[in-house]
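According to Swiss-Prot, the protein carries these features:
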- 2-22: transmembrane segment (TRANSMEM)
- Asn25: N-linked glycosylation site (CARBOHYD)
- Asn198: N-linked glycosylation site (CARBOHYD)
- Cys428: heme binding site (BINDING)
Amino acid sequence: MFLQIVTSVLATGLLYALISVLQQNRTLSASLPPGPPGHWLFGNAPPRAFPYRHFAELTETYGPVFTLRFGRRIVCVIGRYQAAVDILMKHSAETSDRPRSVAANEIMSKGHRVLMTPAGERLKKYRRALHAFLQPSSSATYKPMQYKNAKNYVLDCLHDGRHHLYHGRKYAASVVMSVAYGKTTPTSYSDPEVLQINKSLARLGAALKPGAYLVDTYPILKYCPGYASHLRRYREEELALITKQANAVRELLAKGEAPPSFTAYLIENQERLGISDDELAYLSGAIFGAGSDTTAAALGIMTMAAACYPEAQARVQAQLDEVVGRDRAPTFEDEDLLPEVTAFVLEAYRWRPVSAGGFSHRATKDVVWNGYVIPAGAEIIGNHWAISRDPEVYPNPEDFKPARWLNEHGRIRNDLKFINFGFGRRVCVGQHVADQSLFINTALVLWAFRISQDAQCPIDTYAFTDTANVHPLPFSLHFEPRVKDMEAMLGAQAE
């Protein structure tokens, strides 16, 4: 009986898909941006690994925007800067929706994960809550905490440079746990709760990979008994964890002992914000998911670039010596006088973008671009990797050149941008906290050390994880101190 039900459901779904695909092929082929040919029914085969690199190759063949088909799904991939501005920025009102994500959002997240929440009132509610705590004026209040943890990061690299990537993860986790839950002590990346959170993030990233679950192409499979039961188990495990963390803050608030945090803000304003307990837990968890993973990866990329491009590193250090000297450590107050540091960070964002493949948008209305039509309902991917390699905007894009971000007066250019934090109304709300982290860590670590590669084990700058947010695979560095009495100046704050 069960087999008959499953067979009937699949047959109905395939018949519906066949009719829909044939209809789409007749009505849309002439107007869509070009793309590689695919199977008449199933469309294009999803890339098996590193989709952003595969899509970048297709950009070279088919142009700034190309079209793929996965069953009934139409996916338009953007690989050039101006096309991204035209479609995802200027048409933000029509392209800020998210495609339906059955596996990762509906099954794994109960529809509460802000990253995948469709455009509408719920998304506005979530973003209002996030913006209230992460806007520039609020983000500035985190600088003392970020500075303390950045000094710990430098001291960790001084004492144990071999595990520099781990120290970057520890920095990121400590900052994010402080912002999200008010934790005031450094957070080890081996803490049980952090390990559980990262396990959940890895599961989410796997579910978001193109073609990972057939249910995203044929949503009717969601209703097949037993289908994707492991995803439902993942959901319950994650919800139990983030609810436990939120409840711990509730208990501290009840005692009058809770330090300021995003979770405390949500609890105190829960009724006004109109959010349920589950929504509150997911919003708090989103801070860790969005901030820890990406910041840790960006710190690894920053040190990789410093080691691989010693001349660029030396330019930053020359300005640090001129502005700061070696008798004190740089601080946030020096930022306006250190454009070389900012340029180095901006180039690291571009050179190896953390969200390399970007996250899918969905058109709610037809979007006309250069004579082509991206139809309502189509998915739109801004491929950060390909956009970052647009030779018209970033000449010699494979080279690491922080100087491209500076004008003739040595100040940061206003006419050059890289959209590394997302597009339009989907831009990352936490970008100001992230920028603060990258600036102060870059300033401190390049002030403190001359970073170089291990001659016996040169760095492969293309060796990254195949995940939604990419991380450098382990690589060796030498941290040669540039400053005497570093510990005395920074203070022995490592715990």
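A Cβ is built for glycine as well, from the same backbone N, Cα and C atoms used for every other residue.
Cys428 (heme binding site) sits 20 Å from Asn198 (N-linked glycosylation site), taking the C-alpha atoms as the reference points. Of all the Cβ atoms in the protein chains shown, 18 others lie within 10 Å of the Cβ of Cys428 (heme binding site).
Of all Cβ atoms in the shown protein chains, 18 besides its own fall within 10 Å of the Cβ of Asn198 (N-linked glycosylation site).
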